[in-house]
Amino acid sequence: MKPRRPISFTREITAMEPSSTSVSRPEWRPEAQQTLTDYPGSRELQEFGIPQKQSLPNEATAQQGAEFQQEQGVQQSTLLQKLLTPLAFPVPQQSFPSHKVHSDQQEATSQNGPGAGKVHTTQKELEHRDEHVGTAESGPAEPPPATEVEATSIAQAVSGPDKKLPTQTDLVSQERAEQSDPTAQQTPLVQGVKSDQGSLIESGILARLQKLAIQQPSQEWKTFLDCVTESDMEKYLNSSSKSNPPEPSGGTVIPGTLPSKQKPDCGKMSGYGGKLPHGKKGILQKHKHYWDTASAFSHSMDLRTMTQSLVALAEDNMAFFSSQGPGETARRLSNVFAGVREQALGLEPTLGQLLGVAHHFDLDTETPANGYRSLVHTARCCLAHLLHKSRYVASNRRSIFFRASHNLAELEAYLAALTQLRALAYYAQRLLTINRPGVLFFEGDEGLSADFLQDYVTLHKGCFYGRCLGFQFTPAIRPFLQTLSIGLVSFGEHYKRNETGLSVTASSLFTGGRFAIDPELRGAEFERIIQNLDVHFWKAFWNITEIEVLSSLANMASTTVRVSRLLSLPPEAFEMPLTSDPKLTVTISPPLAHTGPGPVLARLISYDLREGQDSKMLNSLAKSEGPRLELRPRPQQAPRSRALVVHIHGGGFVAQTSKSHEPYLKNWAQELGVPIISIDYSLAPEAPFPRALEECFFAYCWAVKHCELLGSTGERICLAGDSAGGNLCITVSLRAAAYGVRVPDGIMAAYPVTTLQSSASPSRLLSLMDPLLPLSVLSKCVSAYSGTETEDHFDSDQKALGVMGLVQRDTSLFLRDLRLGASSWLNSFLELSGRKPHKTPLPATETLRPTDSGRLTESMRRSVSEAALAQPEGLLGTDSLKKLTIKDLSFKGNSEPSDSPEMSQSMETLGPSTPSDVNFFLRSGNSQEEAETRDDISPMDGIPRVRAAFPDGFHPRRSSQGVLHMPLYSSPIVKNPFMSPLLAPDVMLKTLPPVHLVACALDPMLDDSVMFARRLKDLGQPVTLKVVEDLPHGFLSLAALCRETRQAAELCVQRIRLILTPPAAPLT
């Protein structure tokens, strides 16, 4: 016979006629060892010792089979009632509506053949046993259906209240589908049902249920922890938001400009398409629920309630794990929760003080945004993540599926982040005591500012680039940031060896796997890169988007436009009329600084082909970008637009071109319906200030004079730019006013840099954790633009090679690294899986011998991360760096910076600092005692340092990386108003047109926008400031990534449209 396919133990065959002998009953299988996959609690059911039998064969009649299963169901239900009654498990007394299928019963009867009498003996035994059980037990005369009793009681005892059983309709539909299959009616005969089976089941269930009842958490904790479940989360947040409404004066939530955003609804967080259906959830969806819940907490709970809840949970978890014995994991978990409690209690009053004075630094009551608010908001996000993780631990710590090591790593990472945020809060307090009311930037003399920065930049940063990467941003942006960080550290591993070229990108593909699976390694390597690699590395990394393959993919996903042409503006002087007297003219000279006269590149983008854009003169200026095949028919030219947008791209003055920003510029051209010309200015450090300003001003004046060639009449002109481009937009307008020529009708600057001084501000403190704008990177870009960045020796070697030499060299390096990189990638993973336990590292005190130099110069040099993977087995029996605490990552290298040849080789690859660097760059500590000494005195002439007033017993974590290449003193040129417009005199700022600023609440450059808007407002200049929430610096380049970035980009379009709209005529 063909055996029927297995079914769930909750399957039922039901009937609704009183005369029928078939009632609700389960079908059991005799193989107790078989794993059930249809029901989540089947594994626990096997642990109870319940035998799971298969259904009877169809050799008996339908009525006899029904009687047998009815008696078996009655016996099982009566037994479970007896067991569950003393344990106070609720037994449902109502049944769901049942349905009968007559055709199925007739089919089952017709299929029964000879041999029906084989079940008489078993049936008599069951009847005898049923009578015995019925006389021995007391219960209702008509017990409820056995399946409902068993399923409900076992689900409550084993699965908990959060696991739901299949509905009755689903069971009936499944029964119909299986009964309609003729092969499903053939089952093997159950023989030899033992009469003592009931007693075995009784003892097994009773022992397991009593043990489970003892392990149930207390009722008060069950009530408190219910809010972390998916079904009750929304109700909790809604109730908390109603009971604890946010105070308007508190400003704990930075208001954005996106009205469709509803933070309290954690199911509608952006980037995931709204609420997920109840039921099956993948790992990604669970991860999303974790992030969304923490984000919802940070927006729905006030600071005091959040801190008190976190402290209560930390104390409970600490007491629990302290009582779990001398295990290493339990001890570390207890210490982590003790640290969480200490840091939360110490941070809460400081944040409250910052919130109490934050409103004095806002632009106005309609725009409550500044660095102090952003710092408090970031700390609240960290507290919210710790609160959610603590609740998860408290509710799952008794489960056999609780991953102690994973949760320990998460908690240690966020505890390190909370410790550093507490240090930033004290730094912000220090700024409050030094600065005047309403001033966000450090106002002390330059020596005090350098001393303040010197203490700040020594803080540990790696914890913010591992597991905690981007915790302050919207959940939809975090996967991108993780991908970016993995690519960055992989790219940085091979940059110094390969210098430049395609080989760096190819080699990084083989090493990114380690950083993807080990967040601690990624954070440590990220910190090493941002502190030691020069501006040429960032220029090479940011220019990856300029690769033809990536730019082509981006263009395929962007809007299709009729015109996208690169123009080369000739370096020829021309005349421009003065605005005060059009009869008079002024000569606009071509750019001359540093490199002499040269053409200026600009890209013309237009959604429609307009008059003038296909003229012979413009075609003569077009620069070829490679062959293109145009298959579409030549469109009819549209009339000239009344407006024109002149765009200046960002990139820290050192990287990117208009090609990188082309995707969102095409969208602008479509939505605005105007031509856009984007200027490709020369980049630093090869062309420092004022070369970029001269080229942008020259291109702007050329566009105003030749607007007819660009498809516009030039009635309304808008200057638009982001980041460094926003700075250039403002300075170009200042230069146009100084020349007396036409200034634009308005400026739209997105997250601009308005001062390039090395001054501390509350928002710039956030650069400690920002993956896109670390403080050292900002300093290197400023140094490159101001002309103080020195050129490395390998740059001169590249110039000597020439273009063809670079191509030949990069090709050979690519082929070599393709082979060696694959070998290194395979070896690194083979070492992880096949490393011998007796392998020991070099002793910490052993120095390198001269014979070891050959190994240090091998072509495939091992990095810091590879050396970390080769660490010996520790107390926990692991050989991976991710099992170490963040504290170990912070201080392990202080005592012995060269613990292994690989470490020494890595530092040698980065390039040690020369003695001349010591006077201008920070030293790295060699011991913990030296670090403590630096907290009290300055290394410069022994002058007492200006440092944050840390309370007794609090010591932030210091970086263990090498020399930080960041100048302590700003070059005097950065005070030039054409470089730092925030420092411009009032008479210059009064010449600016209306300025519309769009900033990010979590951007280190937020205070630049706030202070510049305050200055313009105090002068009576028209200015607007819009602040968007939860987005990083550079959201325009991420416009296609998620809903928030698209809405923020649309806000910039609205500001431009406002500028291009002619003012209404006054009423007469």
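Cβ atoms here come from the backbone N, Cα and C positions, even for glycine.
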Of the residues S199, S240, S759, S927, the one that Swiss-Prot lists under phosphoserine: S927
Selected residue, Swiss-Prot feature phosphoserine, from candidates S503, S758, S916, S959: S959
Inter-residue C-alpha distance, S960 (phosphoserine) and H1033 (active site) (nearest angstrom): 27
Site with most surrounding Cβ atoms, counting all protein chains shown within 10 Å, from the recorded positions S723, S959, S960: S723
Active-site residues (D1003, H1033), the one with most neighbouring Cβ atoms at 10 Å: D1003
Whole-number Å value for how far D1003 (active site) lies from S959 (phosphoserine) (Cα to Cα): 23
Rounded inter-Cα distance in Å - S723 (active site), H1033 (active site): 8
Spatial separation of D1003 (active site) from H1033 (active site) - C-alpha basis, Å: 5
